[in-house]
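Here TrEMBL flags 20-43, 70-88, 94-115, 127-150, 156-174, 186-206, 218-238 as transmembrane segment. Among the features that TrEMBL reports, domain 'Cationic amino acid transporter C-terminal' is placed at 187-237.
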Amino acid sequence: INPEAPFSGAFVGKSNRWNWVSNVIGVGASFGILTSLLVAMLGQARYLCVIGRSNIVPVWFAKVHPKTSTPVNASAFLGIFTAAIALFTELDVLLNLVSIGTLFVFFMVANAVIYRRYVSVETPSPWPTLSFLICFSCTSVMFTLLWWLVPPGKPKGFVLGACLIVVCGLVVVFNYAVPQARKPEFWGVPLMPWIPCVSIFLNIFLLGNLDGPSYKRFGFFSALAVVVYLVYSVHASFDAEEEAIGNLESGIKESIELEDLTPKLQK
């Protein structure tokens, strides 16, 4: 079997007895790809609508259909944009780019969960938490590089085991040395900080399985997003916030003036 072949290829051979299994797997995979793409596209449309309300992107994306209450402009734009990318981009390039973006977002969310739980306004210094996150990520990167680059053998197993011991030791020391700054009232991530740390480790490990061109493309689009944010989004959202504050102050001033006039009108 070709190592690059999909799982359904394992059931295709000289005998036709197992071809139906290959067809069932192919249909299931097709529906899985379709539903995951639709979920990603619809979720992104709602995210685009929310940040459009904050003027981070043009307000045109925040328009909601009066009958269906769906972000019609954001959905139409992302539908056309996604279809164009899927039509003119090779599948391997597209899959790796989607994977690296998703894994990086999950990596950042796991870091943010730990930072949010252990750092607050009352915290004397955020550096113990930041130092732990940096050390943990660096150790995970080291483990990933050793896993993919070092040839198999006893030295590799020894070094990988040492990295895992260091990773677990960092979590244990941080858990006992740094107290949590806030406790969720209703629900929060259990077993802190172990579950977010496992997420950080796995996301870094999976990121190490991607090729170099994917990182270049991801870096290009990330830099482009940062440029758009600095050139347009910051100023647009700041101006919108100032305008909202001005409208609120003028409304309060008008209400106060009306209250002052009410006794005179009654007389």
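Cβ atoms here come from the backbone N, Cα and C positions, even for glycine.
Beyond the ends of the transmembrane segment (20-43), by six or more residues, the same chain brings 6-9, 11-12, 75, 78-79, 82, 98 to within a C-beta distance below 8 angstroms of the stretch. Long-range Cβ contacts of the transmembrane segment (94-115) within its own chain (Cβ-Cβ under 8 Å, at least 6 residues beyond either end) map to 40, 85-86, 126, 129-130, 132-133, 137, 189, 192-193, 196-197, 199-200, 203-204, 206-207, 210-211, 213-215, 217-218. Residue counts for the domain 'Cationic amino acid transporter C-terminal' (187-237) under DSSP, split into helix (H, G, I), strand (E, B) and coil, are 40 helix, 0 strand, 11 coil.
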